[in-house]
Each structure stands twice: as structure tokens, then as C-alpha cells.
């Protein structure tokens with residue numbers, strides 16, 4: 001032990017100590033001279049490299065998507081080695097949110113919501129790409145591809161973004177009535193999820209201007225402003241996303257910003273000469289082999305399918321709305337959008353129905 005300690009101190013003092021780094025290995029072998037001097041053999045092994053897409057990968061609800069990931073060795077080691085591949089979904093701060101799957105060779109295990117939907121695409125010799133089928137709204141986010149070969153462990157991150165639309169939502173009770181958990185639920189009830197910051201920012205860049213604060217998926221409360229004005233942070237603030245920061249998820253109450261993606265089915269309009277009550281509207285959709293549409297489905301049909309109807313119709317939450325892709329006289333403001341009549345307690349209107357293809 002004293003001999004080993006002396007050799008270690010001598011090596012540190014001489015500055016010859018080299019740390020382990022990224023797959024370059026070294027071995028310290030004591031010589032047989034009994035003089036406490038190290039015989040150091042350095043072995044520079046092959047370095048493992050992992051690469052994913054530097055650009056976001058875009059998909060939409062219900063689609064199949066491949067998140068590319070490839071690895072290689074420098075220098076190349078020749079025949080394929082038996083390595084372990086691990087995919088994880090990350091939070092925005094890059095900490096792990098959940099395990100997606102682990103694979104060794106052709107054997108793999110998927111976890112949680114990814115069971116039956118995720119597998120490794122290994123068409124190439126050094127490919128570790130992740131295939132996700134039937135993409136869901138909450139699949140949006142960052143994914144880490146990790147390749148493990150013995151003591152080596154390298155990884156890279158790829159960003160999956162769903163093509164979708166953000167819409168503000170207030171319940172029938174009025175403005176600022178939702179705590180965080182209620183906001184999650186109302187978005188889910190409308191065929192959507194709470195939007196994240198990147199989705200809200202994208203919506204703002206495309207023109208969303210909304211002066212009421214709403215919950216986001218990370219528990220913060222924010223709102224997008226294109227035209228600065230006094231009630232919305234003041235006229236002297238630049239356009240952008242205003243933030244209240246994290247709020248208490250049980251006690252504080254705001255509106256919600258929901259996110260919906262493209263549809264698997266279609267939204268269509270039904271009407272009667274005398275209009276319909278809400279209950280009659282629901283029955284009319286069922287008679288047509290459909291269901292009354294949710295708010296998120298109407299927004300998605302307007303955004304992605306160009307749905308344009310200058311006639312108000314019931315939706316599943318009891319609201320009355322209509323989508324305008326081409327603004328024109330007697331159809332509301334001069335900008336495209338989904339118009340709302342609120343939540344009328346009585347009245348007779350048409351109905352928007354949704355049917356799976």
C-alpha cells in the first residue's frame with residue numbers, strides 16, 4: 001500500500017496523470033523493479049459517437065414517425081457489436097421525464113404509454129432510430145438516444161414537434177376559473193392537451209394575440225401579445241410572451257392554452273330549417289354515424305383542412321362557434337379564425353359533427 005501511494009503521488013506531482021475521457025482507456029501496471037515507479041501502458045480504444053437530427057422532426061396526431069439516431073466508432077471496429085440502446089423522453093430542462101424503451105440486439109422492451117407503439121428501426125449497421133406509431137399529442141418533446149457499449153455510454157437528443165394549433169379556452173363559468181389540474185382536464189375534454197411554451201411561442205409567431213393569462217403544461221401562466229396595449233402589460237413593452245411564472249397548481253386560477261393536432265377524421269356541419277337545441281344536435285350527429293365535435297377538433301379542421309362555415313353550430317362543451325378560413329362580409333372580423341358565441345343557455349343552431357375516417 002505505501003508503495004502504491006508513493007507512485008500515485010509521484011504521478012500526480014509530475015502532471016502525467018490522465019483522466020478517463022470518452023472511450024480512450026488507459027491501464028496502470030506496476031513494474032517488477034520494486035522501486036515504486038509506474039510502468040504506464042496507454043491504450044487508445046475506439047471512440048463511440050452518437051448522432052441524431054439537429055433539426056426538429058415534425059409529425060402529427062395519429063401518424064407514424066421515425067426519430068433518427070446513428071452511432072459509429074472512430075476508428076471503425078468492423079463487424080457490428082452487441083450494444084444496448086436506450087431511448088428516454090426528456091423535460092424541457094433535459095432531465096428525464098420517462099423511459100421509452102431499451103433494446104439489445106433484436107430484443108427490446110417498451111415502457112408506459114409507448115408499449116405496443118415503439119420499436120427500434122435497425123435497417124443500417126449502426127442505426128438506433130426510434131419508430132413511434134400512432135403518435136399522440138403528449139409525445140411532443142425531446143428524446144435522448146443513448147448507446148451503451150461496455151463502459152462507454154454516449155448520447156444525443158432529437159426534438160419531436162407535432163404540427164398543431166394552440167387555442168385559448170375558458171369554461172362556461174367564465175374567465176379565470178381553472179386551477180392547473182382543471183385546465184389539464186378541460187383541454188383533454190376538448191380533444192387537446194395543455195400547450196407547452198414552444199407551442200405557444202409558435203402560435204404567437206403565427207399571429208396569436210390573447211390578453212387573458214392561461215396555464216401551460218409546465219405549470220407556468222403566460223399569454224401572447226402581438227399588439228402591445230395598456231391592459232396587456234402596457235404599451236411600452238415589446239410584443240412577446242408575457243409570463244406570470246410558475247403559479248400554485250391548486251390555489252391559483254386562470255384560463256388554459258390548449259394544443260390540438262391534425263385529425264384522423266373529418267368535421268362536418270348539419271342543420272335544420274328551425275335549428276336545433278344542444279340535445280337535438282347531439283342526436284343528429286349520432287344519427288349520421290358521428291359524434292358532436294369538440295372545440296379542439298373544430299380548430300384543427302379549420303387550421304389543417306380549411307374548414308370554412310359562416311353558420312354557427314353547437315360543440316360538445318355547449319359552446320356555439322363557427323370557423324372562417326376566408327373572411328367576408330357578415331362573417332365576423334377581417335381575419336381568419338374560429339368565432340365564438342359563448343355558451344348560450346338557450347337557442348337553436350346547427351351542429352358541427354366529427355367522424356373517424
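Cβ coordinates come from backbone N, Cα and C, glycine included.
Note: TrEMBL annotation is automatic and uncurated.
The disulfide bond feature in TrEMBL is assigned to 211-232, 310-331. Positions annotated as domain 'Ig-like' by TrEMBL: 46-158. As annotated by TrEMBL, domain 'Link' applies to 165-260, 266-355.
When the alpha carbons of residue 310 (disulfide bond) and residue 211 (disulfide bond) are compared, the span between them is 26 angstrom. Break the domain 'Ig-like' (46-158) down by DSSP state and the numbers are 6 helix, 63 strand, 44 coil.
Of all Cβ atoms in the shown protein chains, 19 besides its own fall within 10 Å of the Cβ of residue 232 (disulfide bond). In this structure the C-alpha atoms belonging to residue 211 (disulfide bond) and residue 331 (disulfide bond) are separated by 23 Å. Residue 232 (disulfide bond) and residue 331 (disulfide bond) have their C-alpha atoms 27 Å apart, to the nearest angstrom. Residues near residue 331 (disulfide bond) in space but far in sequence (CB under 8 A, at least 6 apart, same chain), listed by position: 310, 322, 324, 339.
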